[in-house]
Amino acid sequence: MWKIMRSWKCGGMRWAHRQRPSHELLSQLSFDQHYKIRSNIELLIQDYASKPIAPLNYEYFLQYRPPLTKKEEYMLTIKTINLLLSLTCKRLNAIQRLPYNAVINPHIERTNSLYLKSLQTLLSIAYPYELHNPPKIQAKFTELLDDHEDAIVVLAKGLQEIQSCYPKFQISQFLNFHLKERITMKLLVTHYLSLMAQNKGDTNKRMIGILHRDLPIAQLIKHVSDYVNDICFVKFNTQRTPVLIHPPSQDITFTCIPPILEYIMTEVFKNAFEAQIALGKEHMPIEINLLKPDDDELYLRIRDHGGGITPEVEALMFNYSYSTHTQQSADSESTDLPGEQINNVSGMGFGLPMCKTYLELFGGKIDVQSLLGWGTDVYIKLKGPSKTALLSKK
């Protein structure tokens, strides 16, 4: 089912990858030839965009485990490329269906061009020979990651600029799908690269791609709290905020994707620490309660004493179009908290909505309960793979 065209014929002229610069080739085309090429590209995008994609789950990440055979490497490569092609084309299709005044926005146009470049990178893979050349595939996937590093920031600026003429509900809906598929693409690529590295024996034996078999939760929480404390000290010149973990004597481990939990805890801590600092209560501990009722479920409660959240803010906290922060100046970027450039872009709050997207991707959830004048409790439910799936050998 996997098809990649190395070259194609149009109007008697044959085009091959890396033959000549594209601008030279395009300048020699007649209008009809140019139209046919554009039409073929549109048909390709529509074809891949129409392919159904099963939701990403832990079973996908557990399909292949190091050490991989040559056949497993080959099959993993094909599956990853197929999924990336479909996701890239779905994003291109979604952007092109935006209203005209949105598509011509320079930031949104730049995002569209970025996804076209990603499509070109994926289509440039020579079938079938480069599928058996992991270093080349890894180089192309690394290029994809690098290209999309600031993609959300760029897109958010564009959407912010068209807010006055495009309904906020539709912007939020567009971002929901975009972020979910963007996160899926990143997870697919990083999982592939991690598996290839582990296949050489280069990494932690407790890892299966990006999945950690037994992540020490208290250790990760301490790492994140130390980091956010350091940044708060630089930014606000305040004392360190203590973090208490209950139960203190039990080191709970859980199977999950560490960067996802790290991002979520960073965002929650950022809000909790800043709220307490604003009230002069940085000396009061942030309380963390852990509960693991089953092998594939973990619950966390993060309690702060930052005075709570007003009902007006609480009703909007999961909206992309809402942020409690004003736009920051460029000279403050060196003291931004982790991910803050994404979490607050041109007045658009991305932190909690992205946490929600990450959690719901794998069957988890996040709830916030606030008592105005006192503090806020954040409840996080994490879902992991079942013990049967984790122990099964495929």
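Cβ atoms are placed via backbone N, Cα and C, with glycine included.
Per Swiss-Prot, the features are:
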BINDING   267-274, Asp304, 323-324, 347-352  ATP binding site
DOMAIN    126-386  domain 'Histidine kinase'
MOD_RES   His148  phosphohistidine
TRANSIT   1-20  transit peptide
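Here the features listed in Swiss-Prot are placed on the structure.
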| residue | record | DSSP class |
| --- | --- | --- |
| His148 | phosphohistidine | coil |
| Glu267 | ATP binding site | helix |
| Phe273 | ATP binding site | helix |
| Gly351 | ATP binding site | helix |
Roughly how many angstrom lie between the C-alpha atoms of Gly351 (ATP binding site) and the residue listed as 'phosphohistidine'? 18
Can you tell me the CA-to-CA distance separating Glu267 (ATP binding site) and the residue listed as 'phosphohistidine', as a whole number of Å? 21
Rounded inter-Cα distance in Å - Lys270 (ATP binding site), His148 (phosphohistidine): 25
What residue among the recorded positions His148, Phe273 has the most other CB atoms lying within 10 A of its CB? Phe273
Taking the Cβ of Gly351 (ATP binding site) as the centre, how many other Cβ atoms fall within a 10 Å radius? 24
